[in-house]
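Right, one structure below, let's go through it.
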Amino acid sequence: MTTEAKCPFSGHAPAASHAFGGGTANKDWWPNQLRVDLLNQHSEKSDPLGSNFNYRKSFNAIDYDALKADLRRLMTDSQDWWPADFGHYGPQFIRMAWHAAGTYRTGDGRGGAGRGQQRFAPLNSWPDNVNIDKSRRLLWPIKQKYGQAISWADLLILTGNVALETMGFRTFGFAAGREDTWEPDNDVYWGNETKWLEATRYSGERNLANPLAAVQMGLIYVNPEGPEHAHGDPLAAAKDIRETFARMAMDDEETVALIAGGHTFGKTHGAGPASHVGADVEAAPLEAQGLGWASTFGTGKGADAITSGLEVTWTQTPAQWSNFFFENLFKYEWVQEKSPAGALQWVAKDAEAIIPGPTPDSPKRRPTMLTTDLSLRFDPAYEKISRRFLDNPQAFAEAFARAWFKLTHRDLGPKSRYLGPEVPREDLIWQDPLPTATHKPTEADIADLKAKIAASGLSASELVAVAWASASTFRGSDKRGGANGARIRLAPQKDWAVNQPVAGTLARLEEIQRASGKASLADVIVLAGSVGIELAAKAAGTTITVPFTPGRVDATAEQTDATSFSVLEPVADGFRNYQKTQFAVPGEVLLLDRAQLLTLTAPELTVLIGGLRAININADGSQHGVFTSTPGALTNDFFVNLLDMNTEWKPAGDIYEGYDRKTGERKWTGTRVDLVFGSNSILRALAEVFGSADGKERFISEFVAAWVKVMNLDRFDLAAA
C-alpha cells in the first residue's frame, strides 16, 4: 500500500495543476488578451444576498446606538490571542480604517473603502497591511451579531471612528452606505511590479505613473523610511508624500493633519527580524484559517509583534488624543537609529525615557519618529502648517477631524448616498454638492419639452451626443460625475476638447430650458437624448418611447471644484471614437476601462457601441465606425456590416480601411475600437447576436435599456426615495 498522493483527474503522476482551474490558461498563451471578463465581475452569481437585498433598508433598521456601544466595549476587551497595545485596540483599528480608505486615488476613482475590498487579495496581503487581518478578526463577533445590517465596508470605517472617539477625539461625523462586494476588484491597476515593495512605476526624474498613488507595490502611500533611493532623507520623503496625498485629493494642510493625527496614536511594530514572520494571508496554510504573518519571534504578539519592522511610538499617551506629536517633533533633535528589525528610524537625542511600552511590564523608551514624520518639520511648507498646529491644538483637531472624514468618505459619492444618524449637515465641496430640487416637471411639461426639442432643428446625432457627453463622465468607482447637476455647462467640462462639438447643441437646449422654465437643464439634456433616440428609431422604421425619469438639478459654479473635476476628463472615449492623444495602451483597452467605470456589462458595451455608431456621435465628426448608409438611424448596421465577410480590412496609419473583396472599392473606415468587435472572440460572439436577422428588435430594446442605465447612473436620489 502506498501513501503517495495521486492526481484524481489522471490516475498517473500527481499534479495540482490538473485540478479544477489549473493547467495552462488563456492568459499564459495570450498575455495581452483583452480582459472583457472584467466587465462581468461582481455579478449576481457571486452575491450571496441576491438581487432583492436592500442594504439601505437593512442598515436603516439597525440599532445604531447598540452597535456603537458594542464597538466601544471591544476597544478595551483585550484578547489573549492578539492583545491590545496599551490596553486599547483603538490605534490598530484606526490603522485598519485608514488602510481601507487610503487606497483611493483620484486618477480613476478606484480603490478606497467603499466596497470592503480589504478582505480580499491583493490588499489583504499587502506588506503595508501586515496584521490588519487580526483587526478584522477581532471585529467578527460584532459583524456576526449584526449580520447584513451593516456591511464590512461600513463597519471598518465606523470602527475607526469609534476608536478615535474612545480615545478622546471628537470626529466630524460618519456616514454609512458602502455595500460589500464578494470577490476582488480585478479591474484595479496596482502596478506592474512582480515583487512586493518593488518600484518600477517611475520614469524620468521620479515621475509616478498614472493613476497610481503609492510609491511601491504593496504600500498605501509612501515608504516610511524615505524613498528607496534616499532612505532617511525627510525632504526627499516630503516630495513623495506631497504627490501621493495629492493623488488622493489631499492638500498640504490635510496631509499634515492626517499624518500627525494618525501618529498621535499607537505604535509601529518591529520587535525582531522579518525572518521570523510567516506567509501572508493568501499564502498562509489552510489551518491558519485566513490569518497571515504568523511570527516565531518571542510570543509573536504584543511587545514581540512585527509588522513594518519599524519600532516607533510617537507620543506619551498613545491611546489618548493629545498634541504630543507636534510637541515632540519640534522639542527634540533627532538622530538615526536602527529598529530591532534593522529598519531606519529616528530617536530623540538626549531625551529621557518618557514613552510607554505596549504592555504593562514594558520598559519606557525615548520618543521615536519615522523619516516621513520628520518631513513635517523639515519641508518648508509642511513646517509652517505643523508649527501652526503646534501653537493651536484646536485648529489641529478641527483639521484632522475634517481630513479624516474626507479620507474615509471620499469614494462614497454624493450625500444622497449617506446613511445613518451621524451624517454632517454641512455640504463639503469635495462631495460635489447639488441644490435641492424645487420643481419636478409633470408629464405634460415633459411632453411639451419633447415637442420643442424635436422641433429645434437639432439632429438625432446632436441630441444623443450632448446627452452622452453629460452622463458618461460618471465613474462607478467613486460615484462621481454623471448628468445630474448639468456640470457640462461649467468649467472645466465646458472647455474639454471632447465636448467642443456639443457646445452649440448645449446652447440651443439652454434656450429651450430657459423659455420653458419647467425643468432643470440637466433634465432637458437627458430628455434631449431620449428624443434623439426616438427620432433615430423612427428613421429606422420603429416607434419607441425612451423611459425618462425627471428630478435632476443644476449645480452652480460655487458648488463645483473645477480642479477636482479635471480628473474626470476622458483621455479616451471609445463610445465617441475619441482619443485625446495617442497612447501606448491600445484604444480597445481604454474603451473597456471606460465601460467598466460606467458599470457596463459586455453585452451593454457592445449594444451601445453599435447604436451610437449608427446614430453617429463621433466627437471629431468622422465616419469611422459608421458602417451604415443611413447614419442617424438606429439600425443594427454596425454589426451587420462589420461581420460581413465581403469586406477585407487593412491597416492605414492609425485607422483601418474596409474594402470590397470583389471590386476593391473602399467601403468603410474604422478604428481599433470599432474593429475589436469583429476581432475579439468574446465581443464578436456578442456582436453576432445583434447582427443576426432576428436581432434587430433585441438590438433596439437592449440599446435603449443600456442607454437609460447610463443616463441614470448618478440618480442616487431615486434609490434613496
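Just so it is clear, glycine is given a Cβ too, placed from its N, Cα and C backbone atoms.
What Swiss-Prot records for this protein:
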ACT_SITE  His99  active site, proton acceptor
BINDING   His263  heme b binding site
SIGNAL    1-15  signal peptide
SITE      Arg95  site 'Transition state stabilizer'
- prompt: What is the Cβ neighbour count of His263 (heme b binding site) at a 10 Å cut-off, with all protein chains included?
  reply: 24
Statement: Listed in sequence order, the residues of the same chain lying six or more positions from the residue listed as 'active site, proton acceptor' whose CB sits under 8 Å from its CB are Gln118, Asp128, Asn129, Ile132, Ile220
Task: Check His263 (heme b binding site) against DSSP and tell me helix, strand or coil, would you?
output: coil
Statement: the residue listed as 'heme b binding site' and Arg95 (site 'Transition state stabilizer'), compared by Cα position, are separated in whole Å by 10
- prompt: Hey, does DSSP put Arg95 (site 'Transition state stabilizer') in a helix, a strand, or just coil?
  reply: helix
- line: Within the same chain, the residues at least 6 apart in sequence whose Cβ is under 8 angstroms from that of Arg95 (site 'Transition state stabilizer') are Ile132, Ser135, Gly262, Gly266
